[in-house]
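Only one structure is covered here, and it is reproduced in the block below.
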Amino acid sequence: MNHQLYDFGMIGLGVMGRNFLLNVADDGFAALGTDINEESVRALNAEGEGMNVKGVHTQKEFVELLSKPRKIMLLVPAGKIVDTVIEGLLPLLDNGDIIIDGGNSHFDDTNRRYEYLKTKNIRFLGTGVSGGAEGARRGPSIMPGGDRSAWEVVQPILETVAAKVNGEPCVTYIGESSSGHYVKMVHNGIEYGLMQLIAEAYDILRRVGKMNNDEMSALFSQWNQGRLNSYLIEITASILKMRDDKMDGHLLDVILDKAKQKGTGKWTSQTAMDLGVPVPTIDSAVTMRGISAFKEFRQDMSALFDVVHPEAPAIKGEGLAAAVEESLYFSFVICYAQGMHLLAEASAELKYDLDLEGVARIWRGGCIIRAALLEKIRQAFGGHPELKNMISADEFRDELYRSRDAITEVLHLANERGIPTMCMSSALQYFDAFRSERLPLNMVQAQRDYFGSHTYERIDQKGVFHTQWD
Ligand SMILES: NC(=O)C1=CN([C@@H]2O[C@H](COP(=O)(O)OP(=O)(O)OC[C@H]3O[C@@H](n4cnc5c(N)ncnc54)[C@H](OP(=O)(O)O)[C@@H]3O)[C@@H](O)[C@H]2O)C=CC1
Ligand SMILES: O=C(CO)[C@H](O)[C@H](O)COP(=O)(O)O
């Protein structure tokens, strides 16, 4: 009996996998999926009726129906499940077949799997995919790293399904081993930072400007027409105006203020610490999710401490809105700068040989952190492949400096009223720390030498010194 063979296979037909596979089928490739969950297989077959897509219930049938070399993407929950799926596949595969892990796997796991699968003659691509359900369905940003020959095989498919900006696909070969998952992790770290910065801007507009949700929605929509144009600003405008379907009022007002996390933001902070690269805006975003989780303690504390300056007047009008917009833009630039700086250092340290212009290019569309600003970031790195921290780039230097006054004023208004702005404050602090020729860390060095004979260097003589302080 003649079976149709399928071009591309997907294991894991949840939010991402089902949508990605339908996207593959839309683009003219024969697409095959399977999932441990029979309902998900049925859902794919129902949604894909009339398209060249099919869901099957067993891995054996799945593998048999794929054309060789098999191109199999996994979009299953990150962690042990990925290893389990790979182990289940191995006896069924042939030399040279390709496994693409499209989930948010930790880069250490990806390194291990890459090396392991080499010993099994299976080509492996650790691949970041971003864009959520809508991106997966209509065109995500895709960050593949690992076996270059595997990339060359899947390139036509991934380039077709990826988002396009000015006709350019938002996918490129990132580099060896775990580089694709590393870049996706940093993407998510930036995502955490931008989301928290927006949350802080919303809090300031609400509590300093006493703006209501509909007014803020209109303001975010207006900002989305300007230099803050981005996916996250766009969805914030929509979120703010959404009415609740269970009671009168806005949905946002009844959402519990405890943010969950799956780990990619925390991993970004952890690797940044390991490499000695400061990413305080990302760290602060992770910390704020942590603080948000202590809801009961926060309730107790808010009963214990009085509201700070309840008499502080509302500051209405365009002045506040313009200053918050400028603060947010400043903080966005700093947040991207921290992520890009981490990538630049990781590229050297972990031997990824990253093309940072290419990374900025494929983040311009499809992904959660897509923004007009990324075109400017692409240009900054394009002309200067040696650039590590874009705050010094011509594209940003002057405007960052000019925005200092606005963000200082906004943070003053927030501090006066006790409004937490950990992320926005960290952005200003980062900028001021990096533009300080002399920091007070001479004091830290003296203290270290005082109590632990850790030695210090001098500004006027070469060498390493120790003083008998007392
Ligand atoms: N959701 C998002 O916006 C994004 C998610 N990601 C990443 O993509 C990956 C998938 O996420 P998402 O689609 O949201 O997750 P979902 O939980 O929606 O889908 C995962 C699917 O995999 C199935 N599955 C679990 N174990 C197995 C197995 N052993 N064999 C076959 N199928 C299995 C699940 O079945 P069951 O339901 O029965 O458990 C489920 O249908 C994750 O790594 C996630 O971090 C990346 C970018 C964006
Ligand atoms: O990868 C993604 C988008 O690019 C996920 O949506 C993101 O990982 C969500 O993370 P968290 O649950 O930690 O907020």
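Just so you know, glycine gets a Cβ as well, placed from its N, Cα and C.
Quick look at what TrEMBL lists:
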- Lys184: active site, proton acceptor (ACT_SITE)
- Glu191: active site, proton donor (ACT_SITE)
- Asn104, Ser130, Gly131, Gly132, His187, Asn188, Tyr192, Lys262, Arg289, Arg448, His454: substrate binding site (BINDING)
- 180-470: domain '6-phosphogluconate dehydrogenase C-terminal' (DOMAIN)
For Lys184 (active site, proton acceptor), which residues of its chain lie six or more apart in sequence with Cβ-Cβ distance below 8 Å?
Asn104, Thr127, Gly128, Val129, Ser130, Met143, Thr264
What mean pLDDT score does the domain '6-phosphogluconate dehydrogenase C-terminal' (180-470) have in the model?
97
Cα separation, the residue listed as 'active site, proton donor' to His454 (substrate binding site) (Å, whole number):
39
Tell me which recorded positions (Asn104, Gly131, Lys184, His187, Glu191, Arg289) have a Cβ under 6 A from ligand 1; sequence order is fine.
Asn104
Can you check which residue among the binding-site residues Arg289, His454 has the largest number of Cβ atoms within 10 Å of its own?
Arg289
Given the recorded positions Asn104, Lys184, Tyr192, Arg289, His454, return the subset with CB under 6 A from an atom of ligand 2, ordered by sequence, or none if empty.
Asn104
Would you count the other CB atoms within 10 A of the CB of His187 (substrate binding site), including those on all shown protein chains?
24
Check each residue in the chain of Glu191 (active site, proton donor) that is at least six apart in sequence and keep those whose C-beta is under 8 Å from its C-beta; list them in sequence order.
Leu232, Gly265, Ile368, Ile369
Spatial neighbours of Tyr192 (substrate binding site) that are distant in sequence (at least 6 apart) but have CB under 8 A:
Gln261, Thr264, Gly265, Thr268, Ile282, Ala285, Val286, Arg289
Just checking a number: largest C-alpha distance across Asn104, Ser130, Gly131, Gly132, His187, Asn188, Tyr192, Lys262, Arg289, Arg448, His454 for the substrate site, rounded to a whole Å.
49
